[in-house]
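Presented below is the structure to which this report refers.
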Amino acid sequence: MQPPCEDEDTDSLLQALLEGQNYGTAAADGTPVSVSKNNPAKRDCLVVAVLCFGNLINFIDWFIVPGILLDIQKYFGLSDGKTGLLQTVFTLCYMLAAPIFGYLGDRYNRKIILGAGIFFWSGVTLGSSFITESHYKIFVLSRGLVGIGSASYSTIAPTIIADLFEEGKRTTVLSIFYIFIPVGSGCGYMLAAGMAESTGDWHWAFRVTPCMGGLALLLLILVVPHRIQRKAAAHRARSISSTIYRADEKPDVHRTAKTTWCQDVGSLVKNCSFVCSSLGLTAMAFVTGALGMWMPLFLYRAQVVQGIVPPCLQESCSSSNSLIFGGITIGTGILGIIAGAEAARRLRKRNNKADPLICATSMFISALCLYIALMVAQTNILSTFIFIAFGELFLSVNWAVVTDILLYVVTPRRQSTAIALQILVSHLLGDAGSPYLIGVISNAIQARNIPSLQWSFRSMQYSFAICAFVGVFGGGFFLLTSFYVEEDRKEAQRP
């Protein structure tokens, strides 16, 4: 047994070797070069900043269409059902591509995959801005292609962050990364509405983010290292309780998956925490997808019924609801994610099941707030905005926490595949169908009643009520996760 001082020297040497491998701090001839502890930390922060910028653009592109939904609906002459199909096609393509990128991300260079994805979705977004009103199907196809490009980013970028930071810092950094989901979403509404209003042509909303995508691609090439050391190569699964480095593992060997994709999936299906938390995330996605697609239009119809605004008959409609809802999404998203990460950090010290319990509680409260918002929409629009804000706030609490649950209950060599499968399931059963389902139900209700502004609003109100009940189911799945999370976390730590 080594004396304590020798152990400390060994740990210092291993850390230096790891930092040297990641950032090229060793000389080409093999001569050891002293490694500054500050430089890798600064480099990691720059990498995270670039990844966050890419995530911002990713979600701006997601929510450009909902931000100008009324304009698009009028331009192509669409019913509610066909309008919802736009986001459904986007999400279906996104989720079907996610497992493919997860497989590639576990086995091939992640920087190249990210760069190709940014280039692809930015180019398609730009091309979609030139589609005319007689080519609605091509516009739908373009949204599906953008979803494929987005899948590469959402699947792989979190695993790079997980490899750059230890468990203590990882939750904080992931929280920062996931803050750009609501920020990007809100900016998508505001950018789309602002460009449509300032130019008088909604097509211009699709011509801004490709320029931002080009900048993100350039930064990715210049800042992100070509190869990033996977934590699995130097450390086994690190979680809240942490583990000790095994002396027989070799940090200088780049570890790749030694199992087949089917074996990885089979192992993940047996992981109860992963399965239950993924179903809880699916409920979140269902609610978020429906709200994100239809809420500005729902608010517009509520205001028309109350006589606050007149029906839109001109070519370019008012975008005030998109601007307000975008601002609410940004504000509540930032507050919710920060609050969720801080609550998890504090409560983990008292309860090892804190993460799933936080998610369950926030889902129940969010469902209640959304239901109240729907019920008061016809009489008090201010109260509607307030309860929508609280509903979104508690939904946002879960984003970073759910991802961190996955990262400590799944062994590192399967994390990209696990994230990809979680994306597949949550979108397949969640927001892939919810926008279309809400639109179809709204159409069916309108068809059974006399066409009027009142029933145009009520049809959306009644169909939206599904979201509140789905939110309750989501809270139940997170409660189930709490029963298995400790056992699965220990299993992920085993060599």
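Going from the start of the chain as shown, residues are counted 1 onward.
A Cβ is built for glycine as well, from the same backbone N, Cα and C atoms used for every other residue.
Since this is a predicted model, take the numbers as computed values, not measurements.
Taken verbatim from TrEMBL:
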type     : residues : note
DOMAIN   : 47-486   : domain 'Major facilitator superfamily (MFS) profile'
TRANSMEM : 45-65    : transmembrane segment
TRANSMEM : 85-105   : transmembrane segment
TRANSMEM : 112-132  : transmembrane segment
TRANSMEM : 138-161  : transmembrane segment
TRANSMEM : 173-192  : transmembrane segment
TRANSMEM : 204-224  : transmembrane segment
TRANSMEM : 279-302  : transmembrane segment
TRANSMEM : 322-344  : transmembrane segment
TRANSMEM : 356-376  : transmembrane segment
TRANSMEM : 382-407  : transmembrane segment
TRANSMEM : 419-442  : transmembrane segment
TRANSMEM : 462-485  : transmembrane segment
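Between the transmembrane segment (138-161) and the transmembrane segment (356-376), the number of CB pairs under 8 angstroms, six or more residues apart, is fewer than three, so the stretches are not in contact.
Between the transmembrane segment (462-485) and the transmembrane segment (45-65), the number of CB pairs under 8 angstroms, six or more residues apart, is fewer than three, so the stretches are not in contact. Between the transmembrane segment (419-442) and the stretches 112-132, 204-224, 279-302, 322-344, 382-407, Cβ pairs under 8 Å are most numerous for 279-302.
Taking Cβ pairs closer than 8 Å, the transmembrane segment (85-105) reaches residues 62, 65-66, 72, 113, 117, 139-141, 143-148, 150-152, 154-156, 159, 261, 289, 292-293, 416-421, 423-424, 426-428, 431-433, 435-436, 439 in its own chain, all 6 or more past its ends. Residues 66-68, 171-172, 175, 178-179, 181-183, 185-190, 192-194, 295-296, 299, 354-355, 358, 362, 385, 388-390, 392-401, 404 of the same chain, all 6+ positions outside the transmembrane segment (322-344), place their C-beta atoms under 8 angstroms from a C-beta of that stretch. Within the chain carrying the transmembrane segment (45-65), a Cβ under 8 angstroms from the stretch's Cβ atoms is held by residues 72, 86-87, 90, 114, 118, 121-122, 125, 143, 146, 150, 153-154, 157, 160-161, 164, 173, 176-181, 183-189, 191-192, 205-206, 209, 212-213, 215-216, 219-220, 223-225, 292-293, all 6 or more beyond its ends.
Counting same-chain residues at least six beyond the ends of the transmembrane segment (173-192), those with a Cβ under 8 angstroms from any Cβ of the stretch are 48, 51-52, 55-68, 157-158, 161-162, 164-165, 202, 205, 208-209, 292, 296, 319, 322-323, 325-334, 336-338, 340-341, 392, 396, 399-400, 403-404, 407. Within the chain, the transmembrane segment (279-302) has long-range Cβ neighbours (under 8 A, six or more residues past its boundaries) at 62-63, 65-67, 69-70, 73, 84, 87, 91, 185, 189, 309, 312, 317-318, 321-322, 324-325, 356, 359-360, 363, 366-367, 370, 377-378, 381, 384-385, 388, 391-392, 395, 398, 402, 422, 425-427, 429-435, 437-439, 453, 456-457, 460-461, 464, 466-467, 470-471, 473-475, 477-478, 481. Here the transmembrane segment (204-224) has Cβ contacts under 8 Å with residues 43, 46-47, 50-51, 53-54, 57, 60-61, 64, 67-68, 111, 114-115, 118-119, 121-123, 125-126, 128-129, 160, 191-192, 195-196 of the same chain, all six or more residues outside its ends.
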